[in-house]
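Below is one structure, written out as structure tokens, with a few remarks after it.
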Amino acid sequence: MGHGSSKETNSAPSSRASRFRERLRNYRRNLLHRHGGDGSSGSSISTSVEDFAGIALLTLRSAEMKFKDRWLACVSLGEQTFRTNTSDHTDKPVWNSEKKLLLERNGPHIARISIFETNKLSKNNLIGYCEVDLLEFLEQEPVNDLEVLNLLDPSCSNTVVGHISISCSVEDPMETEKSFTRRILSIVDYNDDGELSFSEFSDLIDAFGNEVAAKKKKELFRAADLNGDGVVNMDELATLLTQQQEREPIMNRCPVCGEVLQVSDKLNTMIHLTLCFDEGTGNQVMTGGFLTDKQASSGWMFKLSEWVHFSSYDVGLNYGSSAANIVVYNRRTKRLEEELIDGKIVLSMRAMYQSKFGLGLLGVGAKEILQSISEKQEKKMNTYESVEEIPKFIKFFKDQVNMAEVKYPLEHFKTFNEFFIRELKPGARPIECVEHDDVAVCAADSRLMAFNCVDESTRFWIKGRKFSVQGLLGGEIDSRTFEGGAIVIFRLAPQDYHRYHFPVSGIIEKFVDVPGYLYTVNPIAVNSKYCNVFTENKRTVSLISTKDFGKVAFVAIGATMVGGITFLKKKGEYAKKGDEFGYFSFGGSTVICVFEKGAIKIDEDLLENSARSLETLVSVGMKLGTSNNKRAGEDFI
């Protein structure tokens, strides 16, 4: 189910999973029958019904840590994060905190549990984490009700720093409807007798927000009171709601949050109402409303900065207060994550790149200063003394640098730059569809933005006023080859593996060095209208001739603090996709690939995130797209 081992406690019936799957199949079959039979009508409803996997109740019970502190836990799934209360000062925190989570077959299903110590005023420290595949509860026979999982060190996933006890159950859809009815009844059951008088029933109909139903209260009450005893019990209310939702829905609005419901979509109405109510088990319900675990665990200093609009969390362009926290979407885990960056650096970048004053500085010598700083930093990071910076670097980026996959141990590196351009163990980055050259892959561990054309890139991401393919490639490359073609941006942050690889198989036709400055490639600058990062920075353009994609321009772009761009292949060499192409020395940097028009069909999830101005965190070898240009290889040598 996740990282760690389980301890046997209370055993569950071995047939529970099979019974659940059978009930789920029957439930879907009934919904399909109600909404169009075989799906020929109401296709959007049928699709969502087929994708519905259940509602998981995840409970964080307790943990065993290696030292005493006040602890809190966060659960992240997809684009939402929840947190527990803070425990007492102990090495064995107890939370008994729960949350219901919607599971979809093709949606996020790997939940990350993060444990923070909270002894800092402004910053809580991440100590350990584990990942739980919630869908596995549908696929396997349960052994235990309670599972004990290893908590792993964020810096090295081979190291165990504690243990956490959790329980997880997937709610039977039939039971979901029944429990929903119980919760509906409890809203207006003022005397808690489990039955509704006419006055209580009348208040409930008013809460549903249906004016037509409100005028027919007596008629509906008589229809619900099947045994004629003058009250409506839970079973009678459930029957009424089911029958009326089929014939003439009476619930137009959620009685809890007031949201307008799509009455024709029974499944999603049920899901919404189920998640909107608390079960009332006596356990503490986790607090929601967060995008990332870092936001959920933040101390009072960050909450104050949010209150005064100095910083904020949001998905989209990184401008103004939202530039203080860069949120990306992890493609592997299907979760939102926050990129780690020093607060002082954020402040300086916002001042320089997102203001007219900063623009003025760039015009009166700041460009040369950035160049000089980068050159000095390059020399410093190549000295033997710089090796002392490695532990500090790993500590700061401990959640985003996995030493378990690095090829050599720390003692191997004699300078910081040797560590920065570190190699990974064989197999750490598998290449998708390695034998199929008509499938392109991601060129770097990076935050990716992909667009079908340049116009889309400038609408959703690149805000510099002078960006164009011609400006990007320089004067020696015929940019007409790439007019109207797709553009893919791979942004490497300092914590990333800094070796870049071939996204396609082909022959290197040429290299062209384009001189320029060394602006940062951080989104704070890319999203700014005051500078033109990609067309003014120092860069090297390589042209790759391929059989399946035609010509592909591969642009390696330097940035502030980048000591150099090194290529490991030469003009005229043939390379397979996934082969190592080169590396960036210290600093953040970017690779941009430009394709001929119509040559590649980029994966939809990458395009959808990019249209939201949301970077996707990818790894070398992940699928980028497929060739749809059958004549692309006619000029291939």
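For all residues, glycine too, the Cβ spot is worked out from N, Cα and C.
The domain 'C2' annotation in TrEMBL covers 2-147. Residues or ranges marked as domain 'EF-hand' by TrEMBL: 176-211, 212-247. Sequence annotations record features per position, and here TrEMBL assigns active site, schiff-base intermediate with substrate to Ser589. The annotation pyruvic acid (Ser) is assigned in TrEMBL to Ser589.
The Cβ of the residue listed as 'active site, schiff-base intermediate with substrate' has 32 neighbouring Cβ atoms from other residues within 10 Å, across all protein chains displayed. Mean predicted confidence for the domain 'C2' (2-147): the pLDDT average there is 72. Across the domain 'EF-hand' (212-247), DSSP classifies residues as 25 helix, 2 strand, 9 coil. Residue counts for the domain 'EF-hand' (176-211) under DSSP, split into helix (H, G, I), strand (E, B) and coil, are 24 helix, 2 strand, 10 coil.
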